[in-house]
């Protein structure tokens, strides 16, 4: 028998080379077909269209955006920021709610356990799209009509058009307020580090939670008051009742509220299952040992069980966070101007630059996934290392 | 050693009797059990009371809405208006009854509706064959479900004038039919493709491995809506000449590719769970690598990923609702169209429509989840034995 490896290796190389050739041919064919059709429709390929004026309005924007002057690139950024805003908030709410429900599924109170189980089964087994439709209708029905908004003095209004709040403008000297918040956050980070060291040394840590709250809220408040005393008060845009609608100020639209509620409650059901699996992965002896040390059930959960469960919880939790980001694209259904709605919807319809628009949108989501995966791998490596 | 016990000043010696403690509270019997589990402390007691209050309020309200005050018969929205019937109105089931054919078939021609019915029957038979673990000849069941049913379904639903079946344009398909077709095609295409991708991801050939990883991670990294948009606007661009793709087929291609990436990851989990010794033993017996995979590794891997496959199917079934966004008349979209019918304008109609859709999706998804759980427990029991 001849050396069996040599011919096999040649065969493997040949098959792989053929595969690459076939795929390249397919890609070339598709690309040339697309180029032909685009040329026939008179569409110029490339991303040059991003600099052209957009000429359409967007209902909610985190950055200054005016239909008259904005380009397609501005529209893209507005959509991207809206996607990040609603996903970020939904991630926060869903995590809190999901942990609460997941822990409740392992509570001693059987009624609470059943309630949590019912929540999970109900929200997990209905399509998110249906839930968003229901929330959208529910939010609009629950709110007062646009002609007769509920008002809190002249400061805040609530109607079917949304919730209108005064909006402080943190430009110029007023930037000191967010700066103070940043300093507060940095101080909290130092505090948490110090607490870790104190615990490791067996000392009693200080009141970190209340101190953190004080730093994060107190410093910006101080900056705000200081600016006012120094004669440079923070400018505030107040909502004003116009003839048809309320104008100015910060508008929280019902579409945003419905999307946020729907996305958070739906994802919380999945996070609850992840948390429950994590809690189940911690050996029963750990709870018993904590109880033997006379820790209360809440203390045992917070200090003994949850830290160990986090190893199992975090990897699926991250992919759940990615799902929330991806699911926020259902915004298009109820008209919240997220990336897909603004860019793949309006911009695509106006410009017909299908290839560019689709690939740019997909690239955004892929980048988010890739970055998350990288961070996740580093975290996993650290956790796996600490276990050894 | 604690230094305090060595210090005579800090030593403690009891000099008087402790007064006797009262007898412990009852710890057995139903009342004691209720107190221990439902009212162990103030916070738990409050939670219990809150949930009980919610139940006392919700359950009768739901029963009143769904049954007592519901309207069961009627020909138009008039029957479901409280000012017409003279009492508060709950669910307007008459609306569902009136629209049930539209919800099931969309605008499929009335005379041809036996064809979707036959399709549902054939499909149900195949699904039951696969799901019932004790059924005879389950391999043939798989062949039937994955090869015979798709071909029959195409001929039946789209029509074949040569066989005397009138052609029915896909634009007329709608409702439950489209939902079932989209999720059915998704799963029938995704399972074989997913298995190939999972095997390719573990291949020794770097080109195959990298291509498979790239393919899987790409589809898993983007939202389904963007995939559907892409299939809708880009698929026609890539095809030569004036070749067009049917409006229904475009999202189907997108869904199949999307679902196959998720399926690949499920199958990969199963492949990884099979010990390497299985493959080595098969090779030692003289099986070729292909035979070892087909006859030894894959059957074992597929068996343990059945719960994962069912869970993917649940996700796919829920995700089919998104095809409404690219213009297909799936169940939810047809329901939305039906509730906008001016003949049925009554305040109870939208609520009824959503309750009906929720009951439908919940029944299907919860049922499938229960089946996956049952298989999982069976496999766990088998592993212990």
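Including glycine, each Cβ sits where the backbone N, Cα and C put it.
Annotated transmembrane segment per TrEMBL: B:42-63 (among others), in sequence order.
The feature transmembrane segment is assigned by TrEMBL to B:118-135 (among others).
Summarising the annotation, TrEMBL assigns transmembrane segment to B:142-166 (among others). Long-range contacts of the transmembrane segment (B:142-166) within the same chain, counting only residues at least 6 positions beyond its ends with a Cβ under 8 Å from a Cβ of the stretch, are 109, 112, 115-116, 118-119, 122-123, 126-127, 129-130, 173, 177, 181, 184-185, 188, 191-192.
For the transmembrane segment (B:172-197), the residues of the chain that approach it from at least six positions outside its boundaries are 102-109, 116, 119-120, 123, 145-146, 149-150, 153, 157, 212, 215-216, 248, 251-252, 255-257, 259-264, 266-267, 298, 302, 309, 312-313, 316-317, 320-321, 323, 328-331, 333-334, judged by C-beta separation under 8 angstroms. What TrEMBL lists as transmembrane segment is B:172-197 (among others).
Annotation source TrEMBL lists domain 'ABC transmembrane type-1' at B:176-365.
Long-range contacts of the transmembrane segment (B:218-239) within the same chain: residues 245, 250-251, 253-255, 257-258, 260-262, 265, 319, 322-323, 325-327, each at least 6 residues beyond the stretch ends and with a Cβ under 8 Å from a Cβ of the stretch. Per TrEMBL, transmembrane segment is recorded for B:218-239 (among others).
Taken from TrEMBL, the feature transmembrane segment applies to B:251-271 (among others).
For B:304-328 (among others), the entry in TrEMBL reads transmembrane segment.
According to TrEMBL, the feature transmembrane segment maps to B:348-369 (among others).
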